[in-house]
Every structure is written in structure tokens, then in C-alpha cells.
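So the structure is just underneath, and the comments pick up after that.
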Amino acid sequence: MTYKDLRNFIKTLEYQGELKKIDFPVDPNLEITEIAHRTLKSQGPALLFTNPIGHSIPILCNLFGTISRIELGIGIKNILSLRDIGKLLAFLKEPQIPTGFRDFLSKIPNFRQILNMPIKHVSNAVCQENIWNNAQDIDITQMPIMKSWPGDISIAITWGITITQGFTNKRQNLGIYRHQVLSKNKIIIRWLAHRGGALDFQEWYTHSSEKKFPIAIALGADPATLIGAAIPIPNTLSEYAFSGLLRGSKTAVTKCISSNLYVPAYSEIILEGYINRDDIAVEGPFGDHTGYYNSTEKFPVCTITHITHRNNPIYHSTYTGRPPDEPSILGMAMNELFIPIIQKQFPEIIDFYLPPEGCSYRLAIVTIKKQFLGHAKKIIFGVWSCLNQFMYTKFILVCDDDINARDWKDVIWAISTRMDPARDIIIAENTPIDYLDFSSPISGLGSKMGIDATNKWPGETQRTWGKPIQMNNSIQSRINDIWDQLHIPCNEKPFKHKN
């Protein structure tokens, strides 16, 4: 099942016991963050605060706080199904002409899914049931915008989908960026230089003679569009198209009142506005996904000129902090999308994992089917340059395919027994680094480490390599057969050695 809007999804969550309505008065200033954080850590439900102190609009939090709710939101039974969409993205990134009739037939499912990529235009959209366009009526602080952490400089919009379009690019880009609230009609948009919105703005700034860069921000879109906007995909592909792939149907959009941008038609709230060419301000500090307050930095200021919303709108929000948080849960799920794209370039990769403790992308664990001397080092350099977001990955660890990349016990065993620090570590200096990473000596520039934790072949070592201990299969089977008769008090299932 897929959902045309957020409200349908909320009804399903409530029916399945995955959403809790909270009528008790709670303050958007810090209190909701603490409640949502405790709930998320215990894998609890989504939360709908119906009585936020000082506001009449309810707040929805913790929407994608579990893998099961992400699966439900895009209508899949298992998160591994996202690899099928990843395969389609890999196909779109490097399409191949069918080599024959059989090959053509095998590609038909791809072509069918592609039919869901174009947008569907909707007139009289519900997101424009109420329109505020007089300057004196524009007041975004009427929304119950949260202050997440004690050291945050102000309240901030966290789940707004920012829609932009470059000067020459026909596709419209969707991205999730933090919006610091400056006043009733002004916000700061914090986007990193490599993200689609920033690239669109830079292209417009360079080539356009206009003074105002149009912006739209959608709050409370349908789950597929929310997830689609949160995932970094190739810049040539619109997130509207990607959302259609996730949903299995075209994304419904409607034209903005003040510009030619299109917004999700069933959104709860829409903010329309513009960025003046040289209007910038210092953003932050805010608590971030790293678990620290980020440093201050200058970013563009957006002036809001129009607010539209549904009748009785819902404000969708979240907090970011040290994992686990909602972005890290989403990152774990969306990890599956990248695997087919990476495997298309490096078929020898068996698994690719971004642990949530690595703050989304700072540490990657890769397992490979090793085929030649120095193979791990090839993969390390390849991953750093494979996709844009991986240029910020500080640590890449490569293991053999007998290691479970998602089991720290396995990974640490490989590091401890298969790696020599002097021989098997690569240090790359003066490389691009996330400016939020205060551990780097210069903002935006730092070092990276690649670790080869694979078994070493002759030529990579002069010593006889160790042979892993392994029990005979016949003995394992025998003990499995008699295990229950032994009556050993043990919560774990009988351990089975890897073949």
C-alpha cells in the first residue's frame, strides 16, 4: 500500500498501533525533543502532539523512527527491496541498449517503473486551501516550530522540503535542509555546497540577471516524497521522479502562486519566497547529527512572501543529534539503495554498510570478493570517488566476503587479525571534508584513512598466513541434532561456524 498524503499514512499508523496521539500540553521548546528522543531509542511509535503549548497546530514527530515505518511508508515488506530501486537507479545512471530480444524483455520491468517518474499536475490542490499573501499576515512563527537543544540559537524548521531550480536545469530539485528562523518572514537556508539546492542557487547566481531566486518549502508531504527528498541521488534526476519510483505512482504536484516552482500537491503547509542575490547571514549554532553543536557559517537568507496550507494543517518536525536519531534510521534504510549503484561500477563488492554511529557517511565498511593483489586499495580509492556524498567519508574499511559488514564483532576480528597498520593503512591528506567536522585542521579540508583488513596473499606478505579455525560440518550437524536433549540453559541458538 502507498499513500497519496501524510494523513492517509497517519491513519494507517494509528490503526496498526504505530502512532501515539498525545493530548497532554507539551512545549515545542526542548520538551518535545526529549520525549521524541526517549521514544526513538526504545523503538517506540510516531508521536502526534495535539496540544503543543502556545500553538493550535499539532506537531508530528518520530515519523520514520523505525525501519518498519519506513517500509510501511513506501509500501515494501522488507527494506532489502530498496535494492531493486537501486538497480533501477544504476540503470538510469548508465543505461545500456538491449543486446537482443531476451535482453530487451529482461529490461521491460525497468521501463514500466520509469513510467512512474513523470509528475502529475493537480489543480485546486489541497495545499492551497488557505492562502496568505499579504505581508502583514505572513508569520511563520504561528507554526509550532521546535527548539531542539539548549544551545540552539533559535527555533528551526527541520523537515521542510526545499524546492529549487537552476538557471538552465529543467529538473526541479528537492532537498531537506535546516531553516533557522530569523523573524516572522525570514529564514536562513543551510545547504552544503555539493547539495542540489546549493548547486541550483550557484548556477542561477552565476548566469541570471534576476535579483530574486525563487524558493518553495513544503511541510508534511506524503511519505514517499519525504523520503525521496532526504536521499542524495544523481543531480541529473529530480527527486519528484525518484519519489514516483519509491511510491510506484506519479508524484502529484501543483504550481506555486508566486513562481514557476512545483510543490507536492497534498502537502500540509507550503512556504513560498525568494533569496536576494547577496542576502546572507550567520547560521547556527545548532545541535547536529554528529552529536555536537555545529560551528557558525554564512548561508543565504530566504524571505517568505506567501504561506498556503490545508484546512487544519499538521506541522511535521524532527530533531537531529547523536545517533540514533531519525536521520540515522533513514540512512540505515537508504543504505540499500546505494549498493546496486556501487556494485554496477565494482561488481566484486558484496556488501556496503554505513554504520549509524558513523554519522551517516563518515565511516564505510565494504566487503569484497578479493581477486588480485592490492584489490582492497583499489576499492578504497574507488568508493571515495564513486558518488558525490562519499567524498566526505573519512574512513573506509575493506574486508573479505567471509566477514559480516554489519556485525562489529566480525569487523573488529578482521581488523585485529588481518591488518598491519604500517602496511595496510592509506592516509590521504588535504581532501574534501564536511565543514561540520570540527576535528579536521581546516574547515572543509582534512585527511582520510583507508584500511585493508582482507586476508593477505603471497606478494602482499612474506609470512605464512593463518588458517581460520572451523569445526567439521558433520560434527556441527550431529550436535545440532542432539542439542535439545542436552538441556543446556542457553538463550542463544547453537553456534554454527562459517563454511
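If you go along the chain as it appears here, the first residue is 1 and each next one adds 1.
Every residue, even glycine, has its Cβ placed from backbone N, Cα and C.
Quantities reported herein were computed from a predicted structural model and do not represent experimental measurements.
What Swiss-Prot records for ASP288 is active site, proton donor, and it gives sequence analysis as the kind of evidence. If you look up Swiss-Prot, you'll see ASN173, GLU239 marked as Mn(2+) binding site, on the strength of sequence analysis. Annotated prenylated FMN binding site per Swiss-Prot: ILE176, TYR177, ARG178, ARG190, TRP191, LEU192, ARG195, GLY196, in sequence order.
Among ILE176, TYR177, ARG178, ARG190, TRP191, LEU192, ARG195, GLY196, the residues given in the record as binding prenylated FMN, the maximal Cα to Cα distance rounds to 14 Å. Residue pair LEU192 (prenylated FMN binding site) / the residue listed as 'active site, proton donor' shows a Cα separation of 14 Å. Other than ILE176, TYR177, ARG178, ARG190, TRP191, LEU192, ARG195, GLY196, the residues of this chain whose Cβ falls within 8 Å of the Cβ centroid of the prenylated FMN site are, in sequence order, THR162, GLY175, ILE189, GLY197, ALA198. A 10 Å radius around the C-alpha of ASN173 (Mn(2+) binding site) takes in these recorded positions out of ARG190, TRP191, GLY196, ASP288, in sequence order: GLY196. Taken residue by residue with DSSP, TRP191 (prenylated FMN binding site) is part of neither helix nor strand, so it is coil.
For the residue listed as 'active site, proton donor', the nearest of the binding-site residues by C-alpha distance turns out to be ARG178; the candidates were ARG178, TRP191, GLU239. In the three-state DSSP scheme, GLY196 (prenylated FMN binding site) is classed as helix.
Taking CA atoms as the reference points, ILE176 (prenylated FMN binding site) and GLU239 (Mn(2+) binding site) are 11 Å apart. The number of other CB atoms found within 10 A of the CB of ARG178 (prenylated FMN binding site), across every protein chain shown, is 21. Sorted by the number of other CB atoms within 10 A, the binding-site residues ILE176, LEU192 start with LEU192, the lowest. Cβ-based neighbour count (10 Å, all protein chains) for GLY196 (prenylated FMN binding site) stands at 27.
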